[in-house]
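Undergrad: What Swiss-Prot shows for this protein is this:
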- 264, 293, 294, 295, 398, 399, 479, 505, 506: UDP-alpha-D-xylose binding site (BINDING)
- 57-85: disulfide bond (DISULFID)
- 101-445: disulfide bond (DISULFID)
- 464-478: disulfide bond (DISULFID)
- 466-476: disulfide bond (DISULFID)
- 772-778: disulfide bond (DISULFID)
- 109-205: domain 'WSC' (DOMAIN)
- 89: N-linked glycosylation site (CARBOHYD)
- 169: N-linked glycosylation site (CARBOHYD)
- 325: N-linked glycosylation site (CARBOHYD)
- 614: N-linked glycosylation site (CARBOHYD)
- 655: N-linked glycosylation site (CARBOHYD)
- 719: N-linked glycosylation site (CARBOHYD)
- 1-11: topological domain 'Cytoplasmic' (TOPO_DOM)
- 33-806: topological domain 'Lumenal' (TOPO_DOM)
- 12-32: transmembrane segment (TRANSMEM)
């Protein structure tokens with residue numbers, strides 16, 4: 001009986017185990033075919049046919065265990081488990097074919113140069129160094145130096161691997177000096193890894209160092225362009241500022257090119273607005289096959305490749321010569337006709353930006369040594385990567401201009417692109433290096449011009465703020481800043497010509513519309529611009545639209561409050577839309593809200609936010625360690641690199657993190673400590689007179705003079721059913737205990753439970769400045785979303801007479 005019972009339980013255990021594994025596989029498979037909303041959401045394989053074995057290992061790698069523990073959905077956990085097992089079992093790495101670039105010569109691989117004197121202060125190979133205490137050897141060192149494009153590799157001191165391109169000044173020593181240390185990669189072999197101050201040098205397999213060619217500026221000509229190329233302009237859109245996108249589209253539109261629009265799968269408002277634009281023009285296509293293109297995600301490359309595939313199947317679009325991608329924050333800084341001429345003259349070449357520095361360092365900074373996996377709208381780091389022996393890596397920017405021949409090769413089923421696509425599913429920021437790497441390992445290596453013809457507004461000390469990336473990627477990276485008055489000089493005409501650069505980024509009309517105007521006047525004929533139009537300096541960005549976004553109680557409270565200010569008897573039905581308005585780059589942001597009443601009437605309101613900040617009247621007391629406190633503000637959805645809150649309305653709910661920003665200005669008496677631009681301060685958070693929390697805010701380094709504290713409202717506050725007043729006191733650490741604060745900020749917290757308090761809050765923090773009650777009346781209000789805005793309006797299509805979109 002005992003034997004039979006044990007057998008039965010064993011059978012049950014087997015069945016349960018098989019059922020569990022089947023469920024894991026099905027969950028993973030489901031994750032690969034998830035649809036988001038009404039859009040076709042593409043999985044990371046994007047059509048690649050792969051066979052995924054079931055996970056069958058114990059995860060021991062700390063990175064993988066951490067990633068799996070942080071994943072939210074079962075399907076994501078299953079995906080990470082599967083890939084971590086493949087990595088552990090050695091089935092993750094792919095063997096690549098031999099490099100087909102003419103600069104590669106297999107006869108040069110491991111060709112010995114000799115043994116040379118080498119010292120720390122006078123290295124022979126100076127470009128890059130790897131420390132490989134467990135794996136160093138000829139094959140390993142050669143692999144690392146080859147992937148970075150170096151001509152030579154050298155072994156020394158057992159665990160040291162050096163890379164470089166020049167051995168002309170090397171001093172030869174006796175070969176026995178390079179046989180002092182066995183290679184740690186295989187202690188039982190007779191392979192040696194150099195000596196003490198002696199490096200043994202070999203060839204990696206490249207014939208010569210590559211000198212990148214760059215395009216040169218072509219001056220405007222009255223002669224028409226012969227056989228102009230057909231460009232597929234790919235607009236990769238995010239956000240809700242559709243007016244800026246339409247303004248950009250108007251600046252680059254020519255009827256003989258194609259415009260292919262991809263909108264992030266999470267941005268349904270932008271998608272709906274772009275659909276309206278596509279209805280007017282046959283050469284504009286908006287794809288319904290949408291990806292969530294998170295920062296650094298594999299999905300960005302998958303989207304780009306899918307656009308190539310899909311565009312070749314559309315009859316009206318399939319004969320393009322180039323695909324060139326842009327974002328919602330790009331703008332031309334030279335005429336589009338000049339750009340078209342340069343591309344045509346260089347037809348056949350692809351335009352790729354180089355990283356501009358040592359390739360070994362680039363590989364290191366980009367995280368190529370690690371395996372990443374995208375799911376749950378995040379890039380998880382799951383382990384170290386084992387690179388194949390013969391893959392040359394390069395990269396730079398993910399803003400590219402790809403010729404048709406290279407584009408077709410990239411989606412083909414040939415061995416190199418097929419295997420590279422698979423490998424790049426697990427590489428961070430894949431579009432920044434995929435086409436570089438594909439070209440440098442193929443016959444296309446000589447068909448490159450190393451410039452993407454763009455100017456990027458880098459300020460890395462400010463743009464490399466990792467805090468904003470923590471929720472979406474297990475890595476730290478950089479993003480460019482928005483052009484402002486002080487950085488517009490970067491794209492002045494002569495500078496743009498000298499590079500040449502035909503486009504620049506980033507532009508944001510809600511931050512500084514003047515920079516867009518400067519670029520526009522440099523790239524577009526003045527007669528096509530309506531510089532004197534009342535809304536020329538206006539910037540709008542949508543916040544809410546009915547049918548797309550979820551109605552929120554505090555929005556409805558504001559709508560009711562606004563409606564009651566008109567003394568109408570009409571009853572509120574729903575909010576139709578809310579937009580942020582900035583009348584010029586120095587103006588405060590205003591709110592434009594459009595609502596519908598129960599009788600079908602519409603009202604549109606201009607609403608001003610009221611600040612509740614009390615600064616001490618004695619300016620001398622606002623100076624702390626030589627820094628003058630100029631302003632205090634608060635908000636949510638904080639953007640670290642631009643130092644502003646993207647929630648323009650000023651609402652704080654129990655689901656938000658409150659960000660309080662101090663604006664400092666250095667005086668002549670400032671005592672700077674390092675690079676810091678602000679002093680240490682104390683923030684006291686109060687509910688009425690009750691102290692909730694006190695935090696010490698350390699000095700901060702900001703190009704804009706900002707200093708911040710983040711406070712999670714939901715975690716810090718509870719039982720928000722009463723009409724409480726909340727405050728932040730800004731206090732100097734050197735002040736006596738009874739001294740008044742330098743400043744006090746007053747803010748409300750809106751919850752569904754304290755809806756009866758909303759009117760009280762709204763009365764304190766908002767003012768109804770103006771309103772209109774019909775479509776015709778609102779068209780006369782300059783602040784209304786119905787008022788004409790010719791710089792971005794597209795209501796008809798292409799006008800042959802003016803040669804513009806109208």
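Even glycines carry a Cβ here, placed using N, Cα and C.
Just so it is clear, the model here is predicted, and its values are computed rather than measured.
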Undergrad: Based on Cβ atoms within 10 Å, give me the single least packed residue among the disulfide-bonded residues 101, 466, 778.
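TA: Result for the disulfide-bonded residues 101, 466, 778: minimum number of other Cβ atoms within 10 Å at 466.
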Undergrad: Of 57, 101, 476, 614, 772, which is closest to residue 506 (UDP-alpha-D-xylose binding site) if I measure between C-alpha atoms? They're all recorded positions.
TA: 476
Undergrad: For the domain 'WSC' (109-205), give the DSSP counts of helix residues, strand residues and coil residues.
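TA: The domain 'WSC' (109-205) comes out at 14 helix, 34 strand, 49 coil.
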Undergrad: Could you measure between residue 719 (N-linked glycosylation site) and residue 294 (UDP-alpha-D-xylose binding site) for me? Cα positions, answer in whole angstrom.
TA: 35
Undergrad: Rank the glycosylation sites 89, 169, 614 by the number of other Cβ atoms within 10 Å of each Cβ and report the first-ranked residue.
TA: 614
Undergrad: Please tell me which one of the binding-site residues listed here (264, 294, 398, 479) sits closest to residue 85 (disulfide bond), measuring Cα to Cα?
TA: 294
Undergrad: Out of the recorded positions listed (57, 398, 476, 479), which are within 10 Å of residue 464 (disulfide bond), Cα to Cα?
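TA: Correct set: 476, 479.
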Undergrad: Is residue 778 (disulfide bond) helix, strand or coil when read with DSSP?
TA: helix
Undergrad: If you count other CB atoms within 10 A of each CB, which of 57, 478, 772 wins among these disulfide-bonded residues?
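TA: When each Cβ's neighbours within 10 Å are tallied, 772 tops the list.
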Undergrad: Enter the number of other CB atoms within 10 angstroms of the CB of residue 398 (UDP-alpha-D-xylose binding site).
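TA: There are 22 of them.
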Undergrad: Please report the Cα separation of residue 398 (UDP-alpha-D-xylose binding site) and residue 325 (N-linked glycosylation site) in Å, rounded to an integer.
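TA: Their Cα atoms are separated by 9 Å.
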